[in-house]
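Reading through the structure tokens given below for one structure.
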Amino acid sequence: GALRCEAHPGNNSLCEYFFLFFVCFGNHSWTAMKFLLVFDFDHTIVDENSDTWIVRCAPDKKLPNGLQNSYRPGHWTEYMGRVFVYLGDSGIQEDDMKRTMTAIPFTAGMVDLLGFIGKNKEFFDCIIVSDSNTVFIDWILKAADFHEVFDEVFTNPAAFSSTGYLTVQNFHAHHCPKCPKNLCKRKVLKEFLDKQSERGVSYAQIAYIGDGGNDLCPVTFLRKGDVAMPRRGYTLEKKISQLSQDFCPIECSVLVWSSAVEIMSYLKLLIKEQLK
């Protein structure tokens with residue numbers, strides 16, 4: 001957008017000079033002050049799996065056995081496509097689905113954490129990498145007024161068809177043997193960091209906040225100065241522990257959390273250190 005200096009509205013040439021100085025000479029150190037927060041969504045930001053939560057819309061709040069049993073490991077997105085067809089065939093409307101999704105609970109302390117990040121965006125870039133879908137995440141974040149906390153959301157693209165059915169596609173194709181067919185979160189994170197690097201943006205530290213098995217792949221990509229934040233009692237924490245027991249621990253630090261308030265305390269320390 002256009003550069004404007006509110007403090008000196010009549011002196012924009014001077015402001016432009018300082019802006020260009022930062023871009024040309026100070027950009028690397030200036031942006032290096034920022035921290036990157038990478039969030040999973042299901043069981044991390046919200047305290048449920050958004051894909052299974054939508055079943056509350058279904059007749060009798062359950063799926064037929066044949067549909068339930070049709071899931072094949074690594075092919076969740078295709079399974080959800082069939083669930084959405086069933087909901088559409090059952091006459092479930094977009095408004096019904098939206099009402100159900102926006103009632104999903106946030107994890108303990110998450111509302112406080114996201115509010116805190118929103119007030120301190122000069123220190124944090126914030127992205128979501130999720131196996132949910134664009135429609136659900138958009139509804140939930142906008143209803144709670146948290147959509148501006150996040151700079152980008154990487155998830156399976158979804159949209160309502162002209163006949164009112166929700167459709168979902170795979171996020172991308174990849175060759176990682178450890179990840180589900182539709183999404184390798186490590187690849188997403190690497191491509192995001194490469195793109196930021198091309199723009200002259202690097203990060204003082206990356207914090208990865210997640211819970212699931214598919215969060216391990218990006219966590220192994222993190223380096224010594226970074227931090228993995230697995231949710232206590234969930235698969236990611238167990239997989240990280242297993243790696244340590246197998247004598248191939250991850251490089252980054254590990255901070256286990258039960259309430260997102262613990263994450264907020266850590267971020268407050270980061271800011272304090274940054275301001276010294």
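Note that Cβ sites are derived from N, Cα and C of the backbone, with glycine treated the same way.
Annotated Mg(2+) binding site per TrEMBL: Asp40, Asp42, Asp211, in sequence order. Within its own chain, Asp42 (Mg(2+) binding site) has Glu48, Asn49, Ser50, Asp51, Ser130, Asp131, Ser132, Asp211, Gly212 as residues 6 or more apart in sequence whose C-beta sits under 8 angstroms from its own.
The annotation active site, nucleophile is assigned in TrEMBL to Asp40. Taking a C-beta cut-off of under 8 angstroms and a sequence separation of 6 or more, Asp40 (Mg(2+) binding site) has the following same-chain neighbours: Ile128, Val129, Ser130, Lys185, Ile209, Gly210, Asp211, Gly212, Asp215.
Per TrEMBL, active site, proton donor is recorded for Asp42.
The substrate binding site feature in TrEMBL is assigned to Asp51, Asp131.
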